[in-house]
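Enquirer: Structure incoming, see below.
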């Protein structure tokens, strides 16, 4: 099996021609047109999410994006409402650092809940977990509307975080399972825009609701949104895990018994460098020339016996009905229509419980998991600190914004809009343009990543700008606070969108397990920062803590360089982990 030493000893030409998991043929070199399947082995079955009607896909992604929006709305809306606690409950006065636990523990459970939810989703399906999570979010929020003690609210916030967990792991997996590789970029941008804007809208409205209507109305409004989300999820989120193995036969099942090979030699050693995602090529000297059973193959023969020069081929569509009729060709099968009632069904069980619970931890062997984990965690930590500290800052002189402190989030909303638009316009366009320039028409997951370089620079710089403006308040310094928050929000929209697309492209069925590990750190970083940031600010002011956050985020941002330089070599080196755990 090739490893790190082997991957980094290859010539540039060999790396360019290699097809590790994640490298797919997107463009036909002779016709320079996009392959509809985008390098994915597809079926003709109407239940396959890739074959769903556009309206069904739109309804599904709109619903799961609503779930992501509402989850972050509920998480963030309480931050600007924290000063209302001591007015609403004068008999239970709390310091601001105590009240910040409502935000910190919610974020922590939002991350750690995925250690349980992602494996269960891989066992019982995405639909079941989305519905259960949305139901937990609704029930816990409704209970919070009737709870009036500190410990009770803290427990409610923990359950809200757990119910929101699937919005950042299972939901992006759902998006990736509905769209082809050249379509994911724009739809992932749509999802991450909804995810990020939930925090902003919650931050803007939470203070107004608490001041004008009262503390409990924050939970009632959130409960209504969570209830609508649950109802829409029941109706419009079908199961997106589709076992194509029943319709697309692997090459091992397609070849005759080894005794019928000519020449009579042991099976060939297939280097993972020549093992594309979900397909194989076979050297001609080992190719069986007799009749195959069934007659439709899942690979196209290589014209060369040289493993290093073999190329990825577009897979042939195949149906399980070939088993019963060899005379019928692909494309002539009739399937039962995929009706609305079919989309409401449950019942999936994939087994391997112990393996599914261990699989997320195996993804820590993949470098991209660590880099995405640190960058996303750092940006979420930055937004959590700004969204919590900012309203407390604007209550004080010289600003005295009172109930209008939520207007700080306007800058973030503008940043999110620009981040979503630029990502949607550039991500897929760059992928297809790169594939057209290649001799083989290959699309590489790393192609989209350079788009995030300006976003990482803006997000890192935004922390320093915020700390400077907070340290030296003035009549117009609120403009700097708005701009700084917008810079960080722009990065929070674009960076995870591109990373989620990369992980789905590069690691396929392991993507949701990567998301689980990413969300663990996504919960830990803001939790730790929120626990000690108040004391740090009281001791050293705003500039020193935010300067420290800037340095940390800067280091995290620089980690993108190794992926841009040698991302494909890393995928070659770790291909055995991906193929072995699909």
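From the backbone N, Cα and C atoms, a Cβ is placed for every residue, glycine too.
What TrEMBL records for 60-582 is domain 'Major facilitator superfamily (MFS) profile'. Annotated transmembrane segment per TrEMBL: 58-82, 102-121, 128-156, 188-211, 217-237, 362-386, 406-428, 449-473, 479-502, 514-537, 543-566, in sequence order.
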Enquirer: Could you check if the transmembrane segment (188-211) is in contact with the transmembrane segment (128-156), meaning 3+ Cβ pairs under 8 Å among residue pairs at least 6 apart in sequence?
Expert: no
Enquirer: Along the domain 'Major facilitator superfamily (MFS) profile' (60-582), what average pLDDT does this model show?
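Expert: Per the prediction, mean pLDDT sits at 82 for the domain 'Major facilitator superfamily (MFS) profile' (60-582).
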Enquirer: As a test: from 58-82, 102-121, 362-386, 449-473, 514-537, pick the stretch that has the greatest number of Cβ pairs under 8 Å with the transmembrane segment (217-237).
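Expert: The stretch with the most contacts is 58-82.
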Enquirer: Please indicate, using numbers and ranges, the residues of the same chain that are 6 or more beyond the transmembrane segment (406-428) and have a C-beta under 8 Å from a C-beta there.
Expert: 80, 182-186, 188-190, 192-193, 196-197, 199-201, 203-208, 383, 387, 390-391, 394, 448, 451, 455, 478, 481-494, 497-498, 501
Enquirer: Using a Cβ distance cut-off of under 8 Å, indicate which of 362-386, 449-473, 514-537 has the most pairs with the transmembrane segment (102-121).
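Expert: The stretch I would name here is 514-537.
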